[in-house]
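J.: Supplied in structure tokens, the structure appears directly below.
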Amino acid sequence: MRLRNIPGSREAIASSDFVIHEDVMTKKKGHWNEVFGNSLPIYIEVGMGKGQFITRMASMHPDRNFIGIEKYSSVLIRALEKREQMTDLHNLYFLRMEAEDLPQVFAPGEAAGIYLNFSDPWPKDRHAKRRLPSKEFLARYDQILAPEGRIEFKTDNRDLFKFSLEQAEEAGWTVEQLTWDLHHDPAMMEGNVMTEYEERFSAKGNPIHKVILRR
Ligand code: SAM
């Protein structure tokens, strides 16, 4: 994703009630349901970008809680602008954080599900560990995901998708569902919510790949 510094984004994020701030984030570990004020399951999108997917998911699923994670303020601010138009939503918060720190922020089993959408490909081999579906990241998700929890990964990047399947197998995850062409797979397409990247790449004719992993 091309990044532009957006003046004022840090300040807007710091003063927003929809963002749980860095100084208190780790104190919420094991207590995220108190943040929402209910005991509904918590779903996390890692690398949410501008937040279209998670804001739509939150409005479609009032029986679930959602947390969107994004490492850059200049990107998170775009999600926050969407969120601020939806003040009647009570089931969506954002965290500006690096996904490597997930086990410091969430307790074992605290995430009911994890979404990875169009994660950065990091094409150089020496950067493989930075890919969000790598086995290093799968080990982090393993620490916070509920026993019956699923990881759902979508991308149009064939190499990254193949890599994710290899890594999942190596790390002992089971493929529950898989498609190389989501938009022509009626069963897996049911309830699909498009991300910003998904709209852009499917409009170019790129097939979208999706896998659902469980332990
Ligand atoms: N999920 C969105 C979509 O499908 O439209 C955005 C995709 S964009 C290619 C990937 C996003 O993940 C970027 O906004 C990037 O900053 C964020 N990201 C990448 N690595 C991350 C990490 N380690 N921790 C948190 N966010 C990350």
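Yeah, the Cβs are placed from backbone N, Cα and C, and that goes for glycine too.
Because TrEMBL annotations are produced automatically, they should be read as predictions rather than curated entries.
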J.: Of the residues E11, E70, E148, E166, only one is listed by TrEMBL in the S-adenosyl-L-methionine site with E45, E98, D120. Which is it?
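T.: As annotated by TrEMBL, E45, E98, D120 share the S-adenosyl-L-methionine site with E70, chosen from E11, E70, E148, E166.
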J.: Based on Cβ atoms within 10 Å, give me the single least packed residue among the binding-site residues E45, E98, D156.
T.: E98
J.: Does DSSP put E196 (substrate binding site) in a helix, in a strand, or in coil?
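T.: E196 (substrate binding site) sits in a helix per DSSP.
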J.: Scan E45, E70, T195, E196 for binding-site residues whose C-beta lands under 6 Å from an atom of ligand 1 and note them, or write none.
T.: E70, T195, E196
J.: For the C-alpha pair, I'd like the distance in angstrom between E70 (S-adenosyl-L-methionine binding site) and D156 (substrate binding site), rounded off.
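T.: Rounded to a whole number, the Cα-Cα distance is 20 Å.
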J.: List every residue in the same chain as E196 (substrate binding site), at least 6 positions away in sequence, whose Cβ is under 8 Å from its Cβ.
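T.: Listed in sequence order: G49, K50, Q52, F53.
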